[in-house]
Every structure is written in C-alpha cells, then in structure tokens.
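A quick write-up on the structure given underneath.
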C-alpha cells in the first residue's frame, strides 16, 4: 500500500497531528473555540497590518496624514484600516474569554501551557499599545506619554529608562519610529509563541468541562471540531464586519481625529476599552510606584492561579461557591472597565478603589478559601 503523504511527510505529519488526527475530548463546548478564533484573529491582524504598513509613514510630520491617505485614496484602505482597528478589539474579547474559560475549567493546571499563554497576553498588550501610538492622533501621543512615563516610577533607573525608551526627552520622532518597528515585529513573535503554546498543549491534550481524563474516548479533531470551529469563525466574522462597516469608530476615541499636539493636553486621557480595567487599578492608588505595581500585578497575578488552586475538583462545573465567585470577578472586571472610562472624581474614585481591592481579594483569598471549603463540605 502506498504511504499516506499526510502521515509520512515531515511537514504534513506535523499539521496532521495538530489539526486533523489530533485526539480531542468528545465533550468540549463552544468555550474551547476561542483558541482557534485567536489564531484567526492573529492571521487577520498580520494580513491587514501588512497591507497598512505598505502605505504608512513612520514620521511625526507624515504619520497622521499617511493614515488619512490610506483611508481616502487606497483601494479599500478604509476597510483594511477598520478591520485592523476593530480586529484588535475582537482579539482582546477572544483572549479574555479564553482566559476566563481557563480559570473556570481549571485549565491553568497545565502549567506550561498556562504560563506561555500569559506571556502571549503580555506580548499582545505590548503590541496593541505600540500600535495605538502609530496614527499619531492626540490620544495616541498622550497615551504614549502617560504609559511610558510610568517607567519613571522605577527607583534609581526610572528616569534614565524612560528617556532611553523615548530616544530623547519627550515622545517624539524616534519614539514613533521605534514603536512602528516594534509593532511590525511583535506579531511574528506572538505567532512563534503560539506554536510553543500549542506544543505544550498537545503534550497533555485538551482539558474538558468535567475536568476528568478523557483518554478512553477521544475523537479526531477533523471533521468534528474543524467544522465546529468554522461555525465560531462565522459568528466572529459577523460582529467584526458589522463594526468595520457600520460603526467603525464606535470603540475609538474622537480625540484621535485631531493630529498630535504636545502643547494641548486632552481633558480625559484614557486607553482603548480593553485596557481600561488595568488603567482603573492603576488610577485607584494615589502613589505612582504603588499604582504601577498594582497595574503589573493585575495581569501577573494570573501566574499564581495554579498555586492558588485548593479544590480537589479541577473545574468549577460542580462547585457553586467558586462559580459565584467567578461571576463576581467577571462583574468586578466590568465595573473596573467602566470606572476606567470615567473622569477622576467622586464617586468613581472610591468605586475604582473598592473594585480594585475586591479584584485582588477574590483571586488571592476568596478562590482558595472557597476551594478548601468545598472540599470540606464534600468530605474530600
């Protein structure tokens, strides 16, 4: 019998083992769809980004007008830009859902997969931040100024570090040039890290909603989940197209339609919606260094998830107490996101401080306590 090229060719064999003959649990739900959705998001962003980079000029005098030129004069330039800008929002929706799924179903117990995932999240956040600076509007410029300035809170080396990052004494041409270089490079780093993430995942196999081993009755990825993923792609493409074609500027800041001006500060400097929860945590601490540490901790705390798992059951499927805490955490994050978009005044200050406190309390104290308590109730 002739050898099956799909199973014998070195490259085809890798693709086959990852996407076709991959043994998959038979009971994974739509929550397991977000991994492949993130892959599609990344591919879309790289493609649209490449097309935009062909028409973009990384210079302070030309950046803003080069983006305007792309939208006005390039064939479908407006569509490419709208897809790229709103694709970023969808990317973050998917990654937050993906992380939420990981927390709910105890996927963080695959430590290597979880840790590479968090590194991916940090890289994605860095990419989105430097990308937001490129159109060189008011919010781009002031966002870059505020966020890079946070590094000056680092004792002893802070100021030197910031000036080194800026390439001068303020955010200017060298900053824009290096941010463009980084924004071009980082997505390829993300693609590389994704392969590492998948390598670790395929070492252990996928988790499932019950959190029990499913080795005895796994099914091939194709055609079952390839088709199920295709449905996910369609459902994701729908809101993306609706956003890009009907309300392309819904999630953007109107301030960014004004070219960057170092002499005029916008009344409310705020990042894109997907960073607002972290921004609210940063603002809720009146001390600069304290705020920066809290900001870093808000994401880095995810590294502790495997250590804080005290329950004898892996998933939250049969743990109502932990479930309630999980949804409390989700609500809390939504409140933080809302507070981050509001001006710094009463009552938003105190709401932000309480929400920040409860964010860390739920993750660090209440989750482990609930897990231990549930063990006791169930006589484990």
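Every residue gets a Cβ built from N, Cα and C, even glycine.
What Swiss-Prot says about this protein:
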TRANSMEM  34-54  transmembrane segment
TRANSMEM  78-99  transmembrane segment
BINDING   84, 183  heme b b562 binding site
BINDING   98, 197  heme b b566 binding site
TRANSMEM  114-134  transmembrane segment
TRANSMEM  179-199  transmembrane segment
BINDING   202  ubiquinone binding site
TRANSMEM  227-247  transmembrane segment
TRANSMEM  289-309  transmembrane segment
TRANSMEM  321-341  transmembrane segment
TRANSMEM  348-368  transmembrane segment
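With respect to their backbone Cα atoms, residue 197 (heme b b566 binding site) and residue 183 (heme b b562 binding site) stand 21 Å from each other. The shortest Cα-Cα distance between residue 98 (heme b b566 binding site) and any of the binding-site residues 84, 183, 202 is the one to 202. Contacts between the transmembrane segment (114-134) and the transmembrane segment (227-247): absent, as fewer than 3 C-beta pairs lie under 8 angstroms at sequence separation of six or more. Only pairs six or more apart in sequence are counted, and the transmembrane segment (78-99) with the transmembrane segment (34-54) gives three or more Cβ pairs under 8 Å, enough to call it a contact. With respect to their backbone Cα atoms, residue 84 (heme b b562 binding site) and residue 202 (ubiquinone binding site) stand 30 Å from each other. With a 10 A radius on its CB, residue 202 (ubiquinone binding site) counts 14 other CB atoms from all the protein chains. Its Cβ placed at the centre, residue 98 (heme b b566 binding site) has 20 other Cβ atoms within 10 Å. When Cβ-Cβ distances below 8 Å are used as the criterion, the transmembrane segment (348-368) is approached by residues 280-281, 283-285, 294, 297-298, 301, 304-305, 308-310, 322, 325, 328-329, 332-333, 335-336, 339-340, 342 of the same chain, each at least six residues removed from its ends. Within the chain carrying the transmembrane segment (179-199), a Cβ under 8 angstroms from the stretch's Cβ atoms is held by residues 18, 38-39, 42, 45-46, 49, 53, 56, 58, 113, 116-117, 119-120, 123-124, 126-127, 130-131, 133-134, 144, all 6 or more beyond its ends. In this structure the alpha carbons, written CA, of residue 183 (heme b b562 binding site) and residue 202 (ubiquinone binding site) are 29 Å apart. Reduced to three states, the DSSP call for residue 197 (heme b b566 binding site) is helix.
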